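S.K.: Starting off with a structure, shown below.
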Amino acid sequence: MLNTQEILDRMSEKGLRITDQRRTLAKLFAETDGYLSPKDVYEYMGRQYSGLSFDTVYRNLRVMHELGVLEQIVFEDGMKFRVHCAAGEHHHHMICLQCEKTYPIHFCPMPMTDVPGSFQVVKHKFEVFGYCETCQREDHPLKSGGNE
Ligand SMILES: [Zn+2]
Ligand SMILES: [Zn+2]
Ligand SMILES: [Zn+2]
């Protein structure tokens with residue numbers, strides 16, 4: 001995982017101005033072992049910066065995602081962000097639905113899709129959701145799966 005300084009370095013490399021708020025955001029994500037929803041971040045930031053709007057916080061999250069310092073996953077209860085895995089190269093994730101632990105997958109299924117060459121691909125997403133070994137040992141209602 002990236003640390004605070006690595007996050008800030010990557011942001012300034014890409015020409016982003018490092019404001020006090022962005023420094024606080026970088027520190028928050030570097031020190032959080034898991035996902036944060038925009039609301040979580042807004043509540044945390046709102047305690048330190050009065051009058052901060054949700055839009056400003058959300059815009060910063062989006063910029064940090066676009067710069068590759070944050071990863072964004074859409075869970076059933078909404079979008080969440082976490083610090084990017086240090087793995088620099090293109091990768092995907094498998095995510096535990098119970099504890100939200102995330103593991104990188106270094107295989108990319110994109111070349112195996114039947115997207116025609118005439119379609120200009122800009123980006124793609126591929127995420128695998130399930131239960132990690134620890135969470136499988138605990139009884140979970142969704143665990144069995146398959147028989148709806
Ligand atoms: Zn990752
Ligand atoms: Zn788990
Ligand atoms: Zn890929």
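In case you wondered, yes, glycine gets a Cβ from its N, Cα and C as well.
The structure displayed is predicted, hence computed values, not measured ones.
As annotated in TrEMBL:
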BINDING   His90, His124  Fe cation binding site
BINDING   Cys96, Cys99, Cys132, Cys135  Zn(2+) binding site
S.K.: What number of additional C-beta atoms lies within 10 angstroms of the C-beta atom of Cys132 (Zn(2+) binding site)?
M.R.: 17
S.K.: Which binding-site residues from the list His90, Cys96, Cys99, Cys132, Cys135 come close to ligand 2, meaning a Cβ under 6 Å from one of its atoms?
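M.R.: Among the binding-site residues listed, those whose Cβ sits under 6 Å from ligand 2 are Cys96, Cys99, Cys132, Cys135.
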S.K.: Among all protein chains shown, how many Cβ atoms are found within 10 Å of the Cβ of Cys96 (Zn(2+) binding site), not counting that one?
M.R.: 17
S.K.: Cys135 (Zn(2+) binding site) has how many other Cβ neighbours within 10 Å of its own Cβ?
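M.R.: If we count other Cβ atoms within 10 Å of Cys135 (Zn(2+) binding site), we arrive at 17.
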S.K.: Tally every other Cβ atom lying within 10 Å of the Cβ atom of Cys99 (Zn(2+) binding site).
M.R.: 13
S.K.: Within 10 Å of each Cβ, count the other Cβ atoms, then let me know which of the binding-site residues His90, His124 comes out lowest.
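M.R.: Looking at the binding-site residues His90, His124, the Cβ with the fewest others within 10 Å is that of His90.
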S.K.: Other than Cys96, Cys99, Cys132, Cys135, which residues of the chain come within 8 Å of the Zn(2+) site, judged by Cβ distance to the Cβ centroid of those residues?
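M.R.: Apart from the listed residues, the neighbours are Leu97, Gln98, Glu100, Lys101, Tyr131, Glu133, Thr134, Gln136.
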S.K.: Hey, does DSSP put Cys135 (Zn(2+) binding site) in a helix, a strand, or just coil?
M.R.: helix
S.K.: I want to verify one value. Collapsing DSSP to three states, which class is His90 (Fe cation binding site)?
M.R.: coil
S.K.: Of the binding-site residues Cys96, Cys99, Cys132, Cys135, which sits closest to His124 (Fe cation binding site) by Cα distance?
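M.R.: Minimum Cα distance from His124 (Fe cation binding site) across Cys96, Cys99, Cys132, Cys135 lands on Cys96.
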S.K.: Provide the three-state secondary structure of His124 (Fe cation binding site) computed with DSSP.
M.R.: coil
S.K.: Through the lens of DSSP with three states only, how would you label Cys96 (Zn(2+) binding site)?
M.R.: strand
